[in-house]
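> For reference, Swiss-Prot lists these features for the protein:
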- S64: active site, phosphoserine intermediate (ACT_SITE)
- D14, S64, D444, H445: Mn(2+) 2 binding site (BINDING)
- H125, R155, D156, R187, R193, R263, A264, D265, R266, K336: substrate binding site (BINDING)
- D403, H407, H463: Mn(2+) 1 binding site (BINDING)
Amino acid sequence: MSVSKKPMVLVILDGYGYREDSQDNAIFNAKTPVMDALWAQRPHTLIDASGLEVGLPDRQMGNSEVGHVNLGAGRIVYQDLTRLDVEIKERTFFSNPTLTGAVDKAVSAGKAVHIMGLLSAGGVHSHEDHILAMVEMAAERGAEKIYLHAFLDGRDTPPRSAKSSLQTFEDKFAELGKGRVASIIGRYYAMDRDNRWDRVEQAYDLMTMAKGEFQFDTAVAGLEAAYARDENDEFVKATVIRAEGQADAAMEDGDALIFMNFRADRAREITRAFVNADFDGFARKKVVNLNFIMLTEYAADIKVPCAYPPASLANTLGEWMAKHDKTQLRISETEKYAHVTFFFNGGVEEPFKGEDRILINSPKVATYDLQPEMSSAELTEKLVAAITSGKYDTIICNYPNGDMVGHTGVMEAAVKAVETLDHCVEQVAKAVESVGGQLLITADHGNAEQMRDPSTGQAHTAHTNLPVPLIYVGEKSLKAVEGGKLSDIAPTMLTLMGMEIPKEMTGKPLFIVE
């Protein structure tokens with residue numbers, strides 16, 4: 001009979017940052033007796049989850065993709081944002097063969113260069129500076145028809161902040177004397193990741209056919225009209241931008257389409273609508289044979305050229321476990337399932353040997369303030385069963401509530417989400433202790449601890465650059481080390497499990513045996 005395993009469990013409370021000021025702080029204002037007691041009585045510390053400590057630009061807020069890559073890799077992983085910033089600064093971006101090849105092919109055939117992406121300074125899914133560089137590259141290489149299809153943010157940026165970005169691009173096109181903003185639409189439609197194809201279809205039709213609910217002469221006018229309709233950036237409806245006498249920007253066979261988002265999860269659905277021959281998310285009214293370029297690899301099964309292929313990461317926590325014949329479980333809801341699997345494994349889609357996965361469906365609601373508990377009850381039930389099964393050496397779980405409800409900007413809902421999490425943590429900690437296992441509780445970045453922007457008074461829907469908690473629950477008598485970061489978690493787990501740390505992991509263990 002096999003011996004029951006005592007699992008090393010990592011619970012990631014998504015968007016659960018640490019901030020001592022109680023003002024607009026959903027975590028502080030929630031009733032959290034369990035987390036309060038654990039923080040008071042167990043070994044704990046604060047760790048960095050943003051900026052240079054996770055391979056992002058200095059003081060850049062953290063995010064879920066970056067957080068999970070660092071958590072699983074056990075080393076600082078330089079993110080696409082930082083990599084692209086450097087490429088543009090050193091001008092190697094302007095000679096990237098995939099990008100220049102697509103532009104040159106369109107130019108020589110007299111075709112258009114379409115550029116789409118999230119027009120945002122948020123730096124989570126994209127950065128407008130990269131899009132600006134792409135526009136400049138297309139113009140420098142002789143493209144006459146340059147069409148920008150702008151997805152508006154308001155989620156990783158303040159809810160109404162797109163005007164200055166759109167103005168920057170309208171000014172740039174005026175300066176170049178060619179090209180224009182051809183369409184605007186909120187990311188709610190263009191960047192869905194939950195198979196809500198009715199939303200994606202509106203973005204697809206807008207770009208392929210130049211057909212939308214609204215049409216305006218300029219992007220700024222289109223945005224102001226959306227605000228007058230009470231639509232924040234994220235929810236701006238499909239709007240064609242075309243002045244009297246301007247050519248239609250509908251896509252044609254042979255045009256280039258360059259997708260400037262660097263984060264994969266919200267880029268996949270719209271990409272598949274453009275490139276998959278067997279696409280069945282919705283009936284496409286117009287199928288265009290485009291020269292489609294993805295900035296980074298959105299998924300291994302999307303077979304189009306990629307300007308910046310992933311750098312492979314050897315010996316992530318998942319791979320190291322598999323090499324040592326350890327069993328592991330990854331478990332989360334739909335919203336963060338990719339994070340505990342694909343991202344935690346360093347961008348590897350295929351599960352490792354001995355790696356099981358459990359996906360709990362996130363509730364089908366328009367926005368998660370309507371159901372702040374999300375699917376946490378079912379997630380906890382499955383997680384507790386896995387902990388007590390004796391089957392797993394390590395379990396990685398993500399609770400999305402703090403982040404997904406934090407993004408809505410609704411304080412009462414975020415408080416409810418945090419209180420729900422407290423109840424879940426109680427059950428998980430009890431289960432771990434009942435089998436003599438070990439538990440680390442942490443977060444990938446902050447969000448719910450800052451629900452209002454003090455400078456603007458608007459709802460704060462974005463992530464923060466604040467530290468996150470790390471708490472140990474288990475039988476070992478440990479002392480916490482200060483100054484940690486997300487990439488120290490994997491080495492910490494290995495140390496607690498009595499395993500060797502691979503040389504690729506440069507993180508340090510954050511608890512020492514007293």
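Each Cβ is built from the backbone N, Cα and C atoms, and glycine gets one as well.
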> Looking only at Cβ atoms, how many others are within 10 Å of the one on the residue listed as 'active site, phosphoserine intermediate'?
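For the residue listed as 'active site, phosphoserine intermediate', the count of other Cβ atoms within 10 Å is 28.
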> Which has the fewest other CB atoms in a 10 Å radius around its CB: D156, D444, the listed binding-site residues?
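Sparsest of the binding-site residues D156, D444 by Cβ contacts within 10 Å: D156.
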> Using DSSP reduced to three states, classify D403 (Mn(2+) 1 binding site) as helix, strand or coil.
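The residue in question, D403 (Mn(2+) 1 binding site), is helix (DSSP, three-state).
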> Out of the binding-site residues A264, D403, H407, D444, give me the one sitting nearest to S64 (active site, phosphoserine intermediate) by CA distance.
D444
> Restricting to the same chain and to sequence separations of six or more, state which residues have a Cβ under 8 Å from that of H463 (Mn(2+) 1 binding site).
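Residues satisfying the criterion: G15, S50, M61, G62, N63, V124, D156, D403, H445, G446, N447.
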> Give the helix, strand or coil assignment DSSP yields for H463 (Mn(2+) 1 binding site).
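The three-state answer is coil.
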> For R266 (substrate binding site), which residues of its chain lie six or more apart in sequence with Cβ-Cβ distance below 8 Å?
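Long-range Cβ contacts: H125, R187, M191, D192, R193.
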> Would you identify which of the binding-site residues H125, R193, H407, H445 has the most other C-beta atoms lying within 10 angstroms of its C-beta?
H445
> Could you tell me the maximum Cα-Cα distance in Å between the residues recorded as binding substrate, namely H125, R155, D156, R187, R193, R263, A264, D265, R266, K336, rounded to a whole number?
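This binding site's residues have a maximal Cα-Cα distance of 18 Å.
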> Give the three-state DSSP assignment (helix, strand or coil) for the residue listed as 'active site, phosphoserine intermediate'.
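The three-state answer is helix.
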> Calculate the distance in Å between the alpha carbons (Cα) of D14 (Mn(2+) 2 binding site) and H407 (Mn(2+) 1 binding site), and round it to a whole number.
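Each residue's Cα considered, D14 (Mn(2+) 2 binding site) and H407 (Mn(2+) 1 binding site) end up 11 Å apart.
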> By a simple count, how many Cβ atoms lie within 10 Å of the Cβ of D403 (Mn(2+) 1 binding site), its own Cβ left out?
31
> Please report the Cα separation of A264 (substrate binding site) and H407 (Mn(2+) 1 binding site) in Å, rounded to an integer.
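Between the alpha carbons of A264 (substrate binding site) and H407 (Mn(2+) 1 binding site) there are 19 Å.
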> With the Mn(2+) 2 site defined by D14, S64, D444, H445, which remaining residues of that chain have Cβ atoms positioned within 8 Å of the Cβ centroid?
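Other same-chain residues with Cβ inside the cutoff are I12, G15, A49, G62, N63, G67, H68, K336, H339, N398, D403, A443, N447, H463.
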